[in-house]
């Protein structure tokens with residue numbers, strides 16, 4: 001080779017796994033754990049402040065007004081608040097499209113400090129509840145209790161979330177990373193090219209050679225000829241594709257971009273590398289994107305969870321493990337499919353793994369989440385009205401929400417610290433907090449003094465904080481890291497439906513009985529039950545893992561049986 005020849009890694013003797021490791025080390029964007037990430041944390045903080053502050057406090061200010069103005073039942077009026085909270089958790093409309101990006105973007109920028117950064121961001125929820133519980137009653141009085149004008153003012157506040165969204169920028173690979181991946185990709189394709197297929201056989205690689213092409217730099221490289229149908233003809237198994245996401249994505253991009261007649265292999269390799277790095281650094285491509293704790297703590301928690309060890313091979317950085325490459329999802333529809341359509345399909349597939357419903361652990365988690373969310377919004381909406389029965393004024397009712405917000409902030413911070421302590425069992429912490437919150441909610445009708453209501457806000461707010469902060473950690477320990485996104489997505493679906501029906505049920509019971517006593521009895525019982533049914537989850541998960549191992553051993557023995565017979569028949 002001359003001095004003008006491209007210099008890069010030699011892969012003649014490297015197997016594909018080694019090349020994959022090189023590509024991942026060079027091409028995966030490492031979270032900076034600071035820098036611009038702190039700007040993202042501040043933006044996420046305000047996004048959570050606006051979204052949760054409005055959702056948790058608007059109902060107490062408006063529902064009684066709607067009930068009287070429209071001369072309707074409490075149940076009918078409650079549907080507006082229920083739709084707001086339910087669709088928010090279902091992550092499909094309005095606030096849901098603000099909440100989910102605000103969480104995911106923080107996780108993209110932080111790895112070692114993730115628990116701390118995310119804890120700061122979600123503190124916006126508690127502060128928003130505290131602030132808006134005082135602002136909204138004042139704003140209503142300022143508008144002479146005209147709820148239409150009031151909602152216009154709230155809409156202006158929501159528009160401020162646009163400023164938060166402008167700060168949400170995905171971390172990008174730098175120029176050195178692009179160059180390094182380009183060199184590795186070019187070297188790989190140069191050494192792994194195969195002769196042009198003349199026997200009408202299916203091609204076995206993305207790139208074929210037919211002579212050479214002279215580049216302006218003075219060295220020769222193989223001329224690139226597109227495979228006829230790479231995706232349908234490539235012999236890689238599904239396991240190989242998911243085991244080599246970066247390399248396979250580069251090969252798919254090579255098959256796609258050659259059709260654009262790129263003039264040189266270096267330009268082709270660079271284009272492919274940029275596209276592949278973009279595909280593999282998508283947020284939902286990473287297993288731990290919904291994990292609320294530090295990814296460093298995942299390795300320490302592995303000692304507790306065999307599923308976690310199975311989900312992330314030993315010695316491999318957790319932040320670089322993938323569910324499956326979004327680019328590889330194009331295998332079913334061809335490499336020419338639109339990028340955004342492929343991304344949406346891949347995201348939906350990764351979030352809706354129906355095989356989870358065969359896991360008793362997941363089913364119990366889903367039922368628990370459903371029961372908790374049935375209750376969660378009820379005290380935020382109706383605690384003030386319940387307190388009015390003992391003569392508590394409107395201003396003091398608003399302070400109950402302020403107290404809930406302040407305790408929620410403290411609870412989020414505590415849970416953020418707990419999520420990084422491998423010696424603490426997050427499942428037990430969550431169960432105890434939720435059971436205490438449920439028992440406290442059940443006892444609300446027995447409260448006779450204002451200070452008792454203030455005391456009640458402590459266990460309930462801590463239950464809300466622990467549920468929100470520890471749920472992803474619990475999912476990882478019980479179901480494995482590789483199923484976190486799917487489990488999280490389906491759990492949100494269950495919780496969204498529960499949030500949709502919980503407040504109307506409480507309002508219906510008020511319409512029937514004339515007060516909210518029965519509503520708090522029911523919701524408190526459901527919340528306590530949601531914590532109780534999760535107590536045996538550790539044993540159930542261990543039993544599932546034992547059954548899985550037994551099934552694997554039986555399959556292995558069944559595969560060995562023919563070999564034993566053959567050996568026995570040999571002379």
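Cβ atoms here come from the backbone N, Cα and C positions, even for glycine.
Where the annotation comes from TrEMBL, it is an automatic prediction and has not been curated.
Sequence annotations record features per position, and here TrEMBL assigns transmembrane segment to 36-59 (among others). If you look at the transmembrane segment (36-59), the same-chain residues 6 or more away from its ends with a CB under 8 A from one of its CBs are 78, 81, 84-85, 88, 95, 98-99, 102-103, 105-106, 109-110, 117, 120-129, 131-133, 136, 154, 157-158, 160-161, 163-165, 167-169, 171, 377, 380-381, 401, 404-405, 503.
What TrEMBL lists as transmembrane segment is 79-104 (among others).
Feature annotation from TrEMBL assigns transmembrane segment to 116-138 (among others).
Among the features that TrEMBL reports, transmembrane segment is placed at 150-168 (among others).
What TrEMBL records for 362-384 (among others) is transmembrane segment.
Beyond the ends of the transmembrane segment (396-415), by six or more residues, the same chain brings 56-57, 60, 119, 122-123, 125-131, 133-134, 136-137, 379-380, 383-385, 387-388, 429, 433, 450, 453-454, 457-458, 460-462, 464-466, 468-470 to within a C-beta distance below 8 angstroms of the stretch. Look at TrEMBL and you will find 396-415 (among others) tagged as transmembrane segment.
Counting only same-chain residues 6+ beyond the ends of the transmembrane segment (427-447), those with a CB under 8 A from a CB of the stretch are 368, 372, 375, 378-379, 383, 386-387, 390, 411, 415, 418, 453, 456, 459-460, 462-467, 470-471, 474, 477-478, 516-517, 520-521, 523-532, 534-535, 537-538. Among the features that TrEMBL reports, transmembrane segment is placed at 427-447 (among others).
The transmembrane segment feature in TrEMBL is assigned to 453-474 (among others).
Annotated transmembrane segment per TrEMBL: 486-506 (among others), in sequence order.
What TrEMBL records for 518-537 (among others) is transmembrane segment.
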Contact count check, CB pairs under 8 angstroms to the transmembrane segment (518-537), set 116-138, 362-384, 453-474, 486-506; argmax is 362-384
Restricting to the same chain and to residues at least six past its boundaries, which positions have a Cβ under 8 Å from a Cβ of the transmembrane segment (453-474)?
-> 119, 122, 125-126, 290-293, 301, 365, 369, 372, 376, 379, 383, 387, 392, 400, 403-408, 410-412, 414-416, 418-419, 426-427, 429-430, 433-434, 436-441, 443-444, 447, 484, 488, 491, 527
Residues sitting near the transmembrane segment (362-384): Cβ under 8 Å, six or more positions beyond its termini, same chain?
-> 56-57, 59-60, 63, 78, 81-82, 85, 89, 129, 356, 392, 394, 397-398, 400-401, 404, 434, 438, 441, 444, 453, 460, 464, 467, 471, 474-475, 478-479, 487, 490-491, 494-499, 501-503, 505-507, 510, 516, 519-520, 523-524, 526-527, 529-531, 533-534, 537, 540
